[in-house]
């Protein structure tokens, strides 16, 4: 395919036009008085959102050079979202500001490579200073503030703080759509996996269609059980003790299933069978997790263990087990606490080592089931459009909260960036163009406050000067149009989000400035086939 080429200033300006189109679409969403953007969907209703990365992902421009610029800034938003989960609008805004200021200097004859050196130097200093002013998150109140600022809702803030308090830092919090109007929180205590009973005849409560077993033995195996003779010796031992049994296996079928159901219906013996969770190697690991949590052993031929030889001390135990049609929950497994801690440490190491996002997510779930718990925030709304928008807000708030717990918090509303400007201004260089790079970052750091003020109907430049003249930590509360101590008022941003937004914006923008040529495909013209004779409708009356 033939290529189209642009060079120098023309290439950079064409790409800058694309950067501006994307950034100008995203920037209107920043701050407590930021607006929403409507995204057209080919199927279903349009999506209304203020989530920077969701908007950026939808933007494709017709002009190939403009589209290149837009895609570069889209990467800023995506990378920030991947690392910190929030701050995508801020990152986009910073990238636009660095590119705009940088191109002015490059056009005036400055060396882009030296400018990039200055930008990197300034960003390193900025990140250091952000860490200096960072404060650790202390308790539920701080968590609620971070979430409330991100979601623009105090109710959501309290909900997320409750969820994090109940499942701990190792717990998993998921956001799902609710069928009702309200937004509520459900916490699953103990270990839950998505496998239900193999036969409805095993239920102990026919109204709720669930089986609840108290003080229960748990047989864990990766084998398929079809012959009752295989498990008869262990069943006899359990019956003698008058206990109940949960069997977790690949499957229970045939004679074994019918015998267990018959004994349950006669009231001789209560047993519930469920299929093992997961598939392949993940199944083996999950069975091992259950065994460690309950103090049992996995009965597997790979480990040289046969069902006929199972003894009581090979079984796991738990205070209670609840089995529904779709889920099994084991509460208060009686496993050895030291063994559980070792297993948790092992999973943490695997999480750090894995490069796959999918594997990381699954390992995190396993960790939560062993160490913390699982909380589900169910989001409800009157319409599907509102529900999608609310769900995106809560997902952002959740990511921001996790980031805050990791690295702490800084004054919000762009105040942290303003507070570190004097430290950036102190940086010097004998090379003029490197100094220009430092100045570019100094100016770009003002941009978030300016945009938050503009979106609130105030004059951005005036607000910036007032914040600069105030004490460190005092910023502009755009919601109430006043100047306050941001940390005391609860207007905070996660340190990780603030840091990542600047680092990712500077990385892409400084590379953009060094562009000297751009290459794009020339779209092929579609050849229209010649019209068949008579198709021109000549001679029609």
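Including glycine, each Cβ sits where the backbone N, Cα and C put it.
Swiss-Prot lists 29, 30, 31, 32, 86, 87, 88, 89, 90, 413, 477, 478, 479, 493 with the feature ATP binding site. Taking the Cβ of residue 86 (ATP binding site) as reference, residues of its chain lying under 8 Å away and at least six apart in sequence are, in sequence order, 80, 150, 396, 397, 399, 400, 403, 494, 497.
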Farthest-apart CA atoms of 29, 30, 31, 32, 86, 87, 88, 89, 90, 413, 477, 478, 479, 493, residues recorded for ATP, distance in Å: 20
Among 31, 88, 477, the most crowded of the binding-site residues [Cβ within 10 Å]: 88
Densest Cβ neighbourhood among 29, 90 (binding-site residues), 10 Å radius: 90
Neighbouring C-beta atoms (10 Å sphere around the C-beta of residue 479 (ATP binding site)): 15
DSSP state at residue 477 (ATP binding site), helix/strand/coil: strand
